[in-house]
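Annotated in TrEMBL:
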type    : residues                                          : note
BINDING : Ser50, Thr51, Arg52, Val53, Arg54, His113, Arg157 : ATP binding site
DOMAIN  : 1-19                                              : domain 'Phosphagen kinase N-terminal'
DOMAIN  : 47-193                                            : domain 'Phosphagen kinase C-terminal'
Amino acid sequence: EAYTVFADLFDPIIEDYHAGFKKTDNHPPKNWGDVSVFSNLDPAGEYVVSTRVRCGRSLEGYPFNPCLTEEQYKEMEQKVSSTLSGLEGELKGTFFPLTGMTKEVQQKLIDDHFLFKEGDRFLQAANACRFWPTGRGIYHNENKTFLVWCNEEDHLRIISMQMGGDLGEVYRRLVTAVNDIEKRIPFSHNDRL
């Protein structure tokens, strides 16, 4: 909604930044490309320690994080938790709400680089830490190669990762997950941007 309401401000900036993207232009439709063209970047395991691909998504019908009410945080967490509980195969896992999470479990997830931390100064400055930890959580599959952060910065931060350099496997997992989640929960979308 902000891009429409403040179009007079945003349009010239977007046009300048994207070298001529006019206010009448539309963003091309989503295209993940041919996921089979990606392979293992380091099959011998000599150089690449780990590979991670991630994307952020906003849910349709909700404002950006700084404008969410406490009730909206709770509602979104419930929708996300319910949606993710329906994932199957390698994406099947568990949702852990931050509310009620023990400090030990929370610290273990942070130490493993799986969980976001409270108090990021940039998120605080943007008023995106309100009602902490209400409405926040993490989902991960059994192998901890697929994660979803709920209401950290974005509504959803969807992450695929694993040890080694197999970009193809990591990217394929992300694309599969995003497409599966979007079938269950509509993402916010603007045809122009």
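Any Cβ shown, glycine's included, is placed from N, Cα and C.
The average pLDDT for the domain 'Phosphagen kinase C-terminal' (47-193) in the predicted structure is 93. When secondary structure is read from DSSP and collapsed to three states, Arg157 (ATP binding site) falls in the strand class. DSSP assigns His113 (ATP binding site) to coil, not to a helix or a strand. With all protein chains in the displayed structure included, the most crowded Cβ environment within 10 Å among the binding-site residues Arg52, Arg54, His113, Arg157 is that of Arg157. The Cβ neighbour count for Val53 (ATP binding site), using a 10 Å radius and every protein chain shown, is 16. Neighbour counts of Cβ atoms within 10 Å were taken for the binding-site residues Ser50, Thr51; the minimum is at Ser50.
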